[in-house]
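Right, one structure below, let's go through it.
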Ligand SMILES: Nc1nc2c(c(=O)[nH]1)N=C([C@H](O)[C@H](O)COP(=O)(O)OP(=O)(O)OP(=O)(O)O)CN2
Ligand SMILES: [Zn+2]
């Protein structure tokens, strides 16, 4: 089994509805996103999935979030744009984009800061 990992970042604002504290107020983060995919079969030149393709897919997903007020994004109309929900959303969008490739998304980590991260791991 092989695992590839790529990273991206985006800047966005959010507020956590129902949070008892300052995080209920509008504020922003420079979010860091780390994504890993797994697969068993390498192609004829020894590649599981071209990093270029993986980075492109992640950039496309991140572009939908960058410089947005995340609470107004359709995915977060009801669910809070917490790091946990963002990680799951990015996982779901990446699965769609990578469906034609011989890999499975194995984890998505979203960090609000260097010291606070949430990871979504599919069952
Ligand atoms: N499990 C989660 N907890 C919190 C989330 C989250 O998405 N998942 N989000 C927040 C807020 O977004 C807040 O902006 C972050 O709060 P915090 O990490 O406390 O940020 P501080 O800079 O204030 O951290 P300190 O280390 O306490 O200074 C809150 N929790
Ligand atoms: Zn926050």
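Keep in mind that glycine also has a Cβ here, set from the backbone N, Cα and C atoms.
Unlike curated records, TrEMBL annotations are generated automatically.
Summarising the annotation, TrEMBL assigns Zn(2+) binding site to 14, 27, 29. Feature annotation from TrEMBL assigns active site, proton acceptor to 23. Residues or ranges marked as active site, charge relay system by TrEMBL: 67, 112.
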Site with most surrounding Cβ atoms, counting all protein chains shown within 10 Å, from the recorded positions 14, 23, 27, 29, 67: 14
Residue pair residue 112 (active site, charge relay system), residue 29 (Zn(2+) binding site) - Cα distance, angstrom, rounded: 6
Count of other CB atoms lying within 10 Å of the CB belonging to residue 112 (active site, charge relay system): 19
Cβ-based neighbourhood (8 Å from the centroid) of the Zn(2+) site, residues 14, 27, 29 excluded: 12, 13, 15, 23, 26, 28, 70, 112
Between residue 67 (active site, charge relay system) and residue 29 (Zn(2+) binding site): CA-CA distance (Å): 10
Coarse DSSP state, helix versus strand versus coil, of the residue listed as 'active site, proton acceptor': helix
Cα-to-Cα gap, residue 27 (Zn(2+) binding site) vs residue 67 (active site, charge relay system), nearest whole Å: 12
Where residue 67 (active site, charge relay system) falls in three-state DSSP terms: coil
Coarse DSSP state, helix versus strand versus coil, of residue 29 (Zn(2+) binding site): strand
